[in-house]
Structure formats: C-alpha cells, structure tokens
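Listed features, source TrEMBL:
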- 1-22: signal peptide (SIGNAL)
- 28-152: domain 'CAND6/7 N-terminal' (DOMAIN)
- 171-411: domain 'GOST seven transmembrane' (DOMAIN)
- 173-193: transmembrane segment (TRANSMEM)
- 200-218: transmembrane segment (TRANSMEM)
- 238-264: transmembrane segment (TRANSMEM)
- 306-328: transmembrane segment (TRANSMEM)
- 356-374: transmembrane segment (TRANSMEM)
- 380-400: transmembrane segment (TRANSMEM)
Amino acid sequence: MAIHRCCVSFFLVSLVVPFVCAEIQFTKIRHDDRPIIPFDEFGFTHTGHLELNVSGIQLSSPNPNIDMSRVGFILCTRDAWMEVLLQLEDGYIDCPLNSDFIKLVLELKSLNGQSSFNTVFQETNADQYTLVFANCLDRVEVSMDVRSAMYNLDGKEKRRDYLSAGKTILPKVYFLLALVYFILAGIWVYVLYIKRLTVFRIHFFMMAVVVLKAFNLLCEAEDMSYIKRTGSAHGWDVLFYIFSFLKGVMLFTLIVLIGTGWSFLKPYLQDKEKKVLMTVIPLQVIANVAQVVIDETGPFGHDWIVWKQVFLLVDVICCCAVLFPIVWSIKNLREAAKTDGKAAVNLMKLTLFRQYYIVVICYIYFTRVVVYALETITSYRYLWTSVVAGEIATLVFYLFTGYKFRPEPHNPYFVLDDEEEEAAIDQMKLEDQFEL
C-alpha cells in the first residue's frame, strides 16, 4: 500500500534525520502526489500555537465528488506516528487522517470548495510535533502555497518565541561561546607577541581560524536571536553561511598543514599533500552548498534527503582525507628515528604527531557520531545539550592544538635536523629564483 510505505519512510527519516527548527516558512507545492509531505518540526510548550495560511489549493482530479475528507493537515509526534503505522498495518484505518493519535488541524472538506484558508491551532500538550500534509487520494496531485508559523508564548508578556522549546536558549549559548573565542584570540595575540622570536606562519594561520570561529558563532547567535523574536533570519543567515564556509575551509586546511609539518622553515608541501588540500577545499564548497539547501528548503522538498546524504558523505570524506598527512608524517618520523642520528628529536616529533592523530580522530568521532546520537535520543526539551557538547569538544580541540603547537623554542614540532634545514633552504632559493 503506497500510503503505508510512505508513512514508514517518513517515520524512519524523522528518526534518522532531524528536521530544521521551525520559523516562519513559505512553501510552494506544485503537482505533488506524495501521500505524506512533512513540513516543520517544532517543540511546543503548553502555550504552543500554529498559524497556517494556505492559498491556491488545486487538485488534479476532475471528479467534482472527490472525497476531500481524505486530504488535510495534521500534527503528529514521533510516538504517535508509530501508532499510526500499526493502525495502517493492521487495516484498522486506511488514511492517517482517520487515526485517533494525530491532531487534526484542518480537512480540505471543511473549505466547501474554497481554494484558501487561514487558521490558528493552539496546542496545549507540550511535546515535539511535526506538521504534515496527508493526501490519501490515489494518484491525485496537489498544488498550493503554504505559510506556516509555529511559536510558543513566552513569559507574562506572552511574547512569541519562534524557536523550538529545546533550542530557545541557544542564542545565549552561541554568544557566550563567541565571547570565549574572542578572548582566546586575544590571548593568542599576546602569546605571539611575547614569543615573537619563535613565531612561524602556522601560528598566524591558527589565529585566523580562532577569529573566524568567533565570528561564525557571533553570527549564529544573532541569526537565531532574530529568528526567536521575529521568525525570520533577515539576512543574518547569509553572514553565518559565509563565516561557516571560511571557518570550515580554514580548519581542515590547518589540520592538513600541521599534519604535514608545515612551518616557517618548511614553506612547501609535497605533491601528494597538495592533492589533499585540493580535494578538501572543493569538498567544503559542496558541503556548504548542501548545508544551505538543507536549511533553506526543509523536509518538504523532493531532494532534501538527497542533499542531506550528500552533506554527510562529503563531511566524512573530508574528515578521512585530513588524516592522511598525519599518517604520512608518523610513517616518515618512524623510519627516520630508526636510521639517522637524530633519533631523540624524531622520537619527540613522533610522539607529538601520534597524540595529535588520536585527538583528531576523537574530535571527528565525537562531533560527527556522538553529538548526532545525542540529538537523536535526547528529549526535545534538551536538544541544546547536543549543541553544547559539540561546541565544548571543538573548544577542547582548539585548546589542545594551540597548546601542543605553541611558539616555544623547545617545541619538537619546530625542531629541524640538518637535512630538513638544508632542504628548506634549497626550496626557498628555488622560490626566490622563480619569483625573479
């Protein structure tokens, strides 16, 4: 049964792929015959409201006696949707609109032939609901323009809060984290000043990454704060996407450069290391395009799941690619420690790179797997905890990187043996001749 299969798919997607947090959404549906079209997911408190404005409703069926009670909008929790699936499987119902476990917002039958309607639905049972359009008519396409706004009334003044109940605290969290990174950037500038005799170009690159991270969090804080008050990003999302892209490219590039041993005395990369950078940067462009599509379209789009899968795949490839230079450096240091007379220096470098390799793996695993699992299993009221966990892990990773590769005269990372120094001098001479 097509309706049952579509309901199962929707349930699985809702479990595996969290939907975007609701703000004021404008959606155009054109000639869509899907039995289930999910819109926004939102965590309501006991003061929850749904404003639904639909216009231009058109059905492809020419039959004037079509049963319009089989088409309409509903609100449903994940647990309730599981019960709906069981009812469909047992044959107790043949359409989700007939289930006792859903909250019926409006059936098109009640429009009496009109092509538009405006309604306000109040939800007093606190839970996380998904707005769904159900079409149980066989091979009937639907076209319409939908404006949906979900919000909770906050405080005694009953101000509208357009952020989901589990994410309403996030603007403050992002602002505090941005403040922390700005403080770290100031401390790093001070360290570079007092240690200026041992500062390499990699240290300025690290400072740029911290500054971009701070601006990224600041824009995200203002973006969500504006959505919380008005239901619209009003351009702040553009700045967020720009800084998010720059931060992502710079962070992955920094990991590659550190993994290759790049510093002021070694201002060159091998061909295979350049290929890694030339792979990671375009992939980051694709990942950011996918992220914009995911955030701006929402789950009602036909290709939303595809873009979500593209984003996850590209992110995994980038995370794996940045590990190769570290592995190559560990292999070279292991071989050098056995053959040359600088065994002690190479052993210190080998230990440092092993530590960094383990930390990078832990950072990737935690932010891509553990945080995602927390977001999936955590109650909707505490969705902010997964964001905090991921940001704390990122902060710890930044602190570890800065501490281990800080500008110190005895830092083994910046100690070069005679062969490395001669190779670096020869490379710089070649670059000077090329420039001339």
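Glycine too: its Cβ is placed from the backbone N, Cα and C atoms.
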For the transmembrane segment (173-193), sequence-distant contacts whose Cβ falls under 8 Å of one of its Cβ atoms, 6 or more beyond its ends: 199, 203-204, 206-207, 210-211, 213-215, 217-218, 220-221, 224-225, 384, 387-388, 391, 395, 398-399, 402, 406-407
Distant-in-sequence neighbours of the transmembrane segment (238-264), which means Cβ under 8 A and at least six residues beyond its ends: 199-202, 205-206, 208-209, 212-213, 215-216, 219-220, 223, 270, 273, 276-277, 280-281, 284-285, 287-288, 291-292, 318, 322-326, 328-329, 353, 356, 360, 401, 405, 413-414
Mean of pLDDT values spanning the domain 'CAND6/7 N-terminal' (28-152): 89
DSSP helix/strand/coil residue counts for the domain 'CAND6/7 N-terminal' (28-152): 23 helix, 64 strand, 38 coil
